[in-house]
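Shown next, in structure tokens, is the structure this report addresses.
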């Protein structure tokens with residue numbers, strides 16, 4: 001049974017706080033193992049990469065076999081079901097269109113003091129995209145990670161994907177082709193992260209590494225951070241559905257299960273103002289679980305971490321939502337916009353009864369890589385800005401420097417930084433400041 | 001002596017690569033100590049905070065003495081030199097003006113399929129600003145960290161600053177007042193980071209912590225990351241000056257020293273196409289060092305990490321600059337814009353002979369918190385976006401969902417995610433997909 005919370009109950013605050021504090025992730029300490037692998041790949045390059053691939057993926061390659069070439073991708077695409085390819089292309093085109101609108105503008109102006117000011121955005125030169133192997137190898141995630149990078153203008157987008165026993169989902173290669181990935185290597189784990197961060201004879205290093213992975217990949221990303229940029233480390237998925245009694249309980253139950261089926265550590269929460277509706281949803285969850293292919297995972301998630309929260313009025317929902325700061329927020333109410341306006345913290349909001357969260361996972365357009373574990377309080381989903389950086393520009397001529405320079409000399413003096421003051425004072429013929 | 005590199009020499013590539021690999025930071029392993037402090041503050045709250053403040057800052061307080069109140073700030077401002085306050089106010093007004101122009105636009109549109117799409121930016125609710133005590137307590141850094149947060153719309157900006165032996169730079173309080181900081185506490189170190197991240201009876205928790213600090217503060221920020229957001233961990237400062245022979249060697253020498261004086265681990269690099277000019281700069285550095293207050297620090301930085309790189313033509317500079325990816329790039333040439341256009345990786349660019357980097361530290365307007373240690377390849381200086389987050393919005397009505405839903409069902413099926421497919425299929429009256 002999921003937890004049942006009642007906002008009118010005396011113990012609600014304690015129960016809600018406990019729900020927020022719910023530890024869902026088990027963190028294996030793999031840091032020492034990962035450090036060893038990173039050091040080894042850094043030192044021995046391709047040779048280490050091939051050794052680990054033999055050991056972990058049971059795949060014997062030489063360095064020339066690391067890359068997945070264009071012919072292999074073409075063959076994989078040919079092996080894919082045409083209906084699925086068409087759906088992938090629709091998804092790609094919608095994702096690309098939404099992300100194109102995120103491209104930031106530069107700035108350039110001269111202010112009243114005659115100082116030229118501005119900034120410009122440039123794309124990262126090279127980005128690595130980690131794609132998990134096996135059952136977590138999702139073509140939709142390839143699109144969601146690769147397309148914002150290409151829209152940003154990243155010139156060299158390098159995908160790595162492990163192929164345990166040589167097996168690879170052809171749809172992953174199809175998604176890579178559709179998204180415009182430039183290089184693909186059949187490697188995974190911490191060794192793949194090391195190759196992307198430090199480079200080997202075969203694989204040139206990148207500037208940033210994105211994409212989901214297991215505990216080894218996450219630890220490796222944390223350890224190479226600084227040498228390269230990394231994206232957020234994604235935790236288990238979450239959904240919070242705010243629904244009134246006018247919804248079909250079966251629909252809302254399916255929405256809750258669509259997060260629960262990802263991972264036993266996923267979390268699905270329903271907030272409703274209708275106790276009977278809440279019970280109907282709980283019953284519909286049971287009904288769906290009887291038929292779903294991933295029912296065991298979904299059931300464990302729902303029973304361990306799920307919750308139904310009853311409130312007097314949905315007016316109380318935004319304050320609770322902000323404390324949960326959910327990755328996905330579904331507003332299944334008659335006027336979702338009014339409720340959305342009052343929410344501060346959510347990764348993505350799904351508006352109205354006909355917008356199940358799964359639409360956003362595939363074909364909506366916005367990114368499905370979103371902040372988890374309450375981090376929507378301070379971070380955003382993946383987007384074009386994650387593949388660009390801003391360089392500020394400042395230009396004075398002699399007259400402008402005479403106008404604003406003396407204040408800089410005064411402040412440098414107050415901070416005891418003599419050379420700072422000197423560098424300005426010399427140019428404006430001021431006496432030495434310190 | 002700084003290193004002298006000649007781009008025409010046979011060993012240049014090796015020497016330049018060695019310069020890039022130069023390890024300047026010593027990393028004390030303070031993690032275990034910091035973990036203990038964080039756990040203790042988390043458990044014991046104010047009591048632990050007061051214990052550590054007694055121990056590390058030699059300051060006995062009770063909980064009511066943690067806050068620095070408005071009267072105390074007013075008294076500090078009254079104690080400040082009026083010329084310095086005027087300079088701080090000029091700096092604040094220029095920084096605020098530049099950052100106001102960074103406020104991002106939201107997005108809202110309905111596409112051809114009838115899907116409502118968009119995103120909106122919201123400010124973080126509460127931010128913590130760490131300000132170091134002692135000699136590294138810079139009022140300019142208070143402005144640079146606080147103003148973007150206030151411009152973003154952060155409602156609760158909480159400053160922490162240690163006051164060893166009760167001492168505090170009044171200009172830091174003046175800068176806090178000018179920037180609109182909402183709460184100030186006289187605490188520092190890992191214990192202050194813990195209080196901001198977890199909250200105590202006196203200090204409510206924040207959503208993100210920014211600002212520079214020593215090794216303990218940096219380690220504490222890394223450890224609380226996830227519970228709260230953090231800014232980048234700043235490394236030692238860097239400047240790369242590209243200068244032709246038409247510059248005054250004395251000016252350029254002062255610019256190089258303005259980074260060197262920050263820290264023995266700072267790095268100053270000159271790229272020039274004029275060997276004689278390079279020698280004159282080196283001589284001018286010696287001349288300045290004879291008189292500067294922080295000459296010992298600056299000399300050690302310059303001799304250990306400084307470099308003069310001679311190139312055939314300044315045309316060769318952008319490629320080298322991009323590999324260094326300097327925090328500060330000064331282009332002291334006749335046509336700096338043309339050169340700037342060709343640079344991809346730099347935190348901030350200073351254009352022309354009359355724009356010493358120190359102008360940007362104080363009164364230019366752009367932020368002086370910038371990416372170090374080659375991270376300008378993948379990250380940006382501090383700005384308004386660091387205090388906001390983006391929530392995406394997606395809304396389908398029944399007709400729109402009928403248009404794009406079937407593709408989502410197909411993709412969910414291909415990924416084996418039954419509840420995902422079900423949540424869409426139920427709404428568009430499709431047969432169950434799995």
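Cβ atoms are placed via backbone N, Cα and C, with glycine included.
TrEMBL entries are annotated by machine, without manual review.
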Which of A:141, A:237, A:304, A:380 belongs with A:259, A:262, A:328, A:361, A:415, A:420 in the substrate site listed by TrEMBL: A:237
Near-B candidates in A:130, A:191, A:214, A:237, A:327, A:328, the recorded positions, by Cβ under 8 Å: none
Non-site residues, in chain order, whose CB comes within 8 A of the mean position of the CB atoms of A:130, A:191, A:214 at NAD(+): A:132, A:160, A:162, A:188, A:189, A:190, A:192, A:193, A:213, A:216, A:217, A:220
Among A:328, A:420 [binding-site residues], residue with fewest other Cβ within 10 Å: A:328
For residue A:327 (active site, proton acceptor), the three-state class that DSSP assigns: coil
Integer Cα-Cα distance in angstrom, residue A:328 (substrate binding site) to residue A:191 (NAD(+) binding site): 32
Protein Cβ atoms within 10 Å of residue A:130 (NAD(+) binding site), excluding its own: 28
Chain-internal residues, separated by at least six, CB under 8 A from residue A:361 (substrate binding site): A:140, A:258, A:368
Least Cβ-crowded entry, counting other Cβ within 10 Å, from the binding-site residues listed as A:191, A:214, A:237, A:259: A:214
